[in-house]
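Only one structure is covered here, and it is reproduced in the block below.
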Amino acid sequence: MLPPRLSRRSRRKAGEAAVSARQERARVKELITKGEIYFFDLFKDERKSILRMKLIDLLQSVPGIGKSRAEVILDRTGISHSRRIGGVGHRQLELLRQEFLLIKNSPKSGRLLVVSGPSGVGKSTITNKLRNDDRFWISVSATTREIRSGEQNGVDYHFVSNEHFDRMITKNEFLEWASFAGAKYGTPKKAVNDALMDGKNVVLEIELNGARQVRKNSKNAILVFIKPPSWEELTARLIKRGTESEQSTQARLDRAKEELLAASEFDHVVINHQVDQSVSELVSLALR
Ligand code: 5GP
């Protein structure tokens, strides 16, 4: 059945009401940003325009929250990203209050920084240099691949069995995960969210498919692609590293060709001529 046709007058009235609701919402966000309205007071407001506002939009306007933390807060509290103010229950409000207490302790939100690029390009060497900088927190991934000599469980990776990894997938514990050269790799979500709430800039060193998942889910993430100075250099580095079997080296090189073609999907490209230079480029991209 077709919806009833509105008269011209009713259409005009509806249009005017929509404009005024939009203005009201914009005004509320502005007042929250300026600190002239307290976020939690809005939940007592009974205006229809406010009740229909999306919680995430309102959260983003709160000083010190911004886009990254708004997404994190909803993830941590288990509140849907499409929830509207009018649909927030008492228990959810209490959870939000607890998150606000954490924010008070670290008023500035960090950014999510994704570092990607072909195997052997030097991503770990670059990100490892940020370990001593307390503005950054380097995520420790879970993986099913064999531990290499010199690697430490819990430091380089959480080395887990296939069954364990699959359980983590089922329990929705990954921010992203992907298969790479015969093993699975994933970023544990909780630790990343905790670090972002703590005001850290969080660095994920991950391959292309994982980076694409982050792009889709975290609009505010900064994606950086690390490129080798040349193909010959990449091949030489990967072989010289000597960590892989012949088969794994070949799988990684095949995959590298694919990854290099995707560089334009990233926000920034850094050519790794020299590690310290690449590190400072990365730091300035994250902190600007
Ligand atoms: P490797 O076995 O050399 O340590 O890592 C292989 C590839 O997996 C690298 O490109 C590395 O960046 C990527 N990787 C490491 N951890 C993760 C992760 O948590 N998620 C995804 N998608 N890739 C990862």
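Glycine is no exception: its Cβ is also placed from the backbone N, Cα and C atoms.
Because the structure is a prediction, the values reported are computed rather than measured.
Within 10 Å of the C-beta of G120 (ATP binding site) we count 22 further C-beta atoms, all protein chains included. The ATP binding site annotation in TrEMBL covers G117, P118, S119, G120, V121, G122, K123, S124.
What TrEMBL lists as domain 'Guanylate kinase-like' is 110-287.
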Hits among P118, S119, G120, G122, S124, i.e. binding-site residues with CB under 6 Å from ligand 1, come out as S119
All chains considered, the count of other Cβ atoms within 10 Å of the Cβ of G117 (ATP binding site) is 29
The answer, for which of the binding-site residues P118, G122 has its Cβ ringed by the most other Cβ atoms inside 10 Å, is P118
